[in-house]
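Q: The following block contains the structure, expressed as structure tokens.
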Amino acid sequence: MQWASILLLAGLCSLSWAQYEEDSHWWFQFLRNQQSTYDDPYDPYPYEPYEPYPYGGEEGPAYAYGSPPQPEPRDCPQECDCPPNFPTAMYCDNRNLKYLPFVPSRMKYVYFQNNQISSIQEGVFDNATGLLWIALHGNQITSDKVGKKVFSKLRHLERLYLDHNNLTRIPSPLPRSLRELHLDHNQISRVPNNALEGLENLTALYLHHNEIQEVGSSMKGLRSLILLDLSYNHLRKVPDGLPSALEQLYLEHNNVFSVPDSYFRGSPKLLYVRLSHNSLTNNGLASNTFNSSSLLELDLSYNQLQKIPPVSTNLENLYLQGNRINEFSISSFCTVVDVMNFSKLQVLRLDGNEIKRSAMPADAPLCLRLASLIEI
């Protein structure tokens, strides 16, 4: 059966039997000769928020079309721009501001990014409770100068940008309406279990590039969370339980050394997991840790693995470069190898390990028949 399968595959690849006898690793060489590129399917770091009301030029949008600019409403703070064409947006970014100006009640989108603001005083948004979007990234805000209830009255707030500041803890309480919370590039060291309480509508949480050592069970109540980014922190263990709706998990550049058995079972929609640049060893991984049928991409590069961990046959991209792997076990990809059972893996990176091309077993072409790139 094995020889028949090899003959069939060789015919599909336009390779002769003579070629196979001459080089038992013809299949590996064939893949290396194919033109393949690695495209990151998702960029998890959108540092600058998309502005729904584009305001280009000092004279405003109307000026670009040849019509004279309309006068700004009288309630607009003199430090800011309030384009008449977009009456619910207020632009106060890049003005060297050291304080938050008055916000008119009609505003829904306010931009205070890239200033020298160090505090968010209590009641500063009480006049504009209909706010949907607040951008405060790129300032000098510290946790001790954030009003305790400064966001509590904003019952419609959906996006809050507080990244690139000097925060040491997550502001609380936050409105239930919040969908995106950007707290990356701060100095947050821990996430208490109740820090994110009530945020049942939150879909994206960015906490990368902080000093977080533990998060406990703070993520369990985030039932709508799709994206969680905790990369570039000081975590030694993964969060205690993941939200059931989670699709993207980023934990690279931490100090994680183990992942519990069936850890991802409670997140049946999980597609992308990145755990590169940690301290993972095979002793810290159970046999079913990554055997999740929903996973499409798994990045375990630059750890301390010596063996390829078992993965689901549905996995499409597996990155294991920069480990200490010294053997190629086909059972990590296919528990049964035949014509009807095979892996959907398309990209496999094993470069920078202790494994050689000759370590690939003879039945690898049958199991990994869909692979377009294998690097050793």
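Placement of Cβ uses the backbone N, Cα and C atoms for every residue, glycine included.
Sharing the feature lines straight out of Swiss-Prot:
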MOD_RES   Gln19  pyrrolidone carboxylic acid
MOD_RES   Tyr20  sulfotyrosine
MOD_RES   Tyr38  sulfotyrosine
MOD_RES   Tyr45  sulfotyrosine
MOD_RES   Tyr47  sulfotyrosine
MOD_RES   Tyr50  sulfotyrosine
MOD_RES   Tyr53  sulfotyrosine
MOD_RES   Tyr55  sulfotyrosine
MOD_RES   Tyr63  sulfotyrosine
MOD_RES   Tyr65  sulfotyrosine
DOMAIN    67-105  domain 'LRRNT'
REPEAT    106-127  repeat 'LRR 1'
CARBOHYD  Asn127  N-linked glycosylation site
CARBOHYD  Asn166  N-linked glycosylation site
REPEAT    177-198  repeat 'LRR 4'
CARBOHYD  Asn201  N-linked glycosylation site
REPEAT    246-266  repeat 'LRR 7'
REPEAT    269-289  repeat 'LRR 8'
CARBOHYD  Asn291  N-linked glycosylation site
REPEAT    316-335  repeat 'LRR 10'
CARBOHYD  Asn341  N-linked glycosylation site
REPEAT    344-365  repeat 'LRR 11'
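Can you tell me where each of these features sits in this structure?
A: Summarised by DSSP class, the composition of the domain 'LRRNT' (67-105) is 0 helix, 4 strand, 35 coil.
Secondary structure of the repeat 'LRR 1' (106-127), assigned with DSSP and counted as helix (H, G, I), strand (E, B) and coil, comes to 0 helix, 4 strand, 18 coil.
In this view, Asn166 (N-linked glycosylation site) is surrounded by 15 other Cβ atoms within 10 Å of its Cβ, with every protein chain counted.
Note on the repeat 'LRR 4' (177-198): mean pLDDT across this stretch is 96.
Sequence-distant contacts of Asn201 (N-linked glycosylation site), defined as residues of its own chain at least six apart whose C-beta falls under 8 angstroms from its C-beta, comprise Arg176, Ser177, Leu178, Arg179, Ser224.
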Q: Please indicate, using numbers and ranges, the residues of the same chain that are 6 or more beyond the repeat 'LRR 1' (106-127) and have a C-beta under 8 Å from a C-beta there.
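A: For the repeat 'LRR 1' (106-127), the nonlocal Cβ contacts are 51-53, 75, 87-100, 133-142, 145-151, 153-154, 161.
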Q: Let me make sure I understand the structure: which of the glycosylation sites listed (Asn127, Asn291, Asn341) has the fewest other Cβ atoms within 10 A of its Cβ?
A: Asn341
Q: Which sequence positions outside the repeat 'LRR 10' (316-335), separated from its termini by at least 6 residues, show Cβ-Cβ distances below 8 Å to it?
A: 276, 296-310, 341-355, 359-361, 363-364, 367-368, 375
Q: Tally of helix, strand and coil residues over the repeat 'LRR 8' (269-289) according to DSSP?
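A: Summed over the repeat 'LRR 8' (269-289), the classes give 3 helix, 4 strand, 14 coil.
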Q: Mind checking which residues reach the repeat 'LRR 4' (177-198)? Cβ under 8 Å, same chain, six or more beyond either end.
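A: Long-range Cβ neighbours of the repeat 'LRR 4' (177-198): 45, 49, 137, 154-170, 204-219, 221-222, 229.
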